[in-house]
Amino acid sequence: MNKQKVCPACESAELIYDPERGEIVCAKCGYVIEENIIDMGPEWRAFDASQRERRSRTGAPESILLHDKGLSTEIGIDRSLSGLMREKMYRLRKWQSRLRVSDAAERNLAFALSELDRITAQLKLPRHVEEEAARLYREAVRKGLIRGRSIESVMAACVYAACRLLKVPRTLDEIADIARVDKKEIGRSYRFIARNLNLTPKKLFVKPTDYVNKFADELGLSEKVRRRAIEILDEAYKRGLTSGKSPAGLVAAALYIASLLEGEKRTQREVAEVARVTEVTVRNRYKELVEKLKIKVPIA
């Protein structure tokens, strides 16, 4: 918790800021506590929101989610104009929007970022994931990694990579369902991007436990089942049983086992559908975990 600033001379908390001199002064004894403070705000004053808007000379902050980072100018709309003037302004807006994406690279980037917006909106991903995916895509463009690959597959791969980097649990199947490309193509683009952008396995590692709450919510499982599933996964990790295995498959099997142990049974099919894996995968991971961890599962 921050301590209240006091005067070092008399310990009074009555301090005054003098914006003209850039000083903080003690109101009681006149001691100058700080000086040469730079005021980062505007030099003008405003007394309401509309006045602030009129006097402000700066636009919106830069955004990595816009192809031009939001630095271009847009021609606005004014319905009070005459019909002839409105028509003229419409033509100007049309030409101005064309100029903003005048070359192929700009058009491709604008399309890629609109695709990113669509994917992240449908997956309900947080903004920091969207921004990280945009950063990865721009870096891929800068390094010439897009050539020979579809924009959609590379952007979907960047979204998947961003999710893994920021530990936001989303499976490749979920992203492939939203993207307009095949899962295998996204997977190839993901591996290529990860290799060339130095996204090491350590950076991209997602603990299976990160998926537990997501899948358990969809299955309607209690906190008790979740805790048991996490215990199973932690033990599996300690024994090296998770290496090279799909996190989704492992979590599905752990939740299936935990649901049996805690009397909240879910079928292998139900668990497989939520995790977007096959029943065979759930069955195989289930057998491995039960056998290697010596778990005694009640017979239904």
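Just so you know, the numbers here start at 1 and follow the chain as drawn.
Placed from the backbone N, Cα and C atoms, the Cβ positions cover glycine too.
Summarising the annotation, Swiss-Prot assigns Zn(2+) binding site to Cys7, Cys10, Cys26, Cys29 and lists sequence analysis as the type of evidence. Taken from Swiss-Prot, the feature repeat '1' applies to 114-197. Residues or ranges marked as repeat '2' in Swiss-Prot: 210-291. Sequence annotations record features per position, and here Swiss-Prot assigns zinc finger to 2-34 based on sequence analysis.
When pLDDT values are averaged over the repeat '1' (114-197), the model yields 93. Secondary structure at Cys7 (Zn(2+) binding site), as computed by DSSP, is coil. Apart from the site residues Cys7, Cys10, Cys26, Cys29, the chain places the Cβ of Pro8, Ala9, Glu11, Ser12, Glu14, Ala27, Lys28, Gly30, Tyr31 no farther than 8 Å from the centroid of the site's Cβ atoms, the recorded Zn(2+) location. Local packing around the Cβ, expressed as the count of other Cβ atoms within 10 angstroms, is greatest for Cys26 among the binding-site residues Cys26, Cys29.
Mapped onto three states, the DSSP output places Cys29 (Zn(2+) binding site) in coil.
Across the zinc finger (2-34), DSSP assigns 0 helix, 11 strand, 22 coil.
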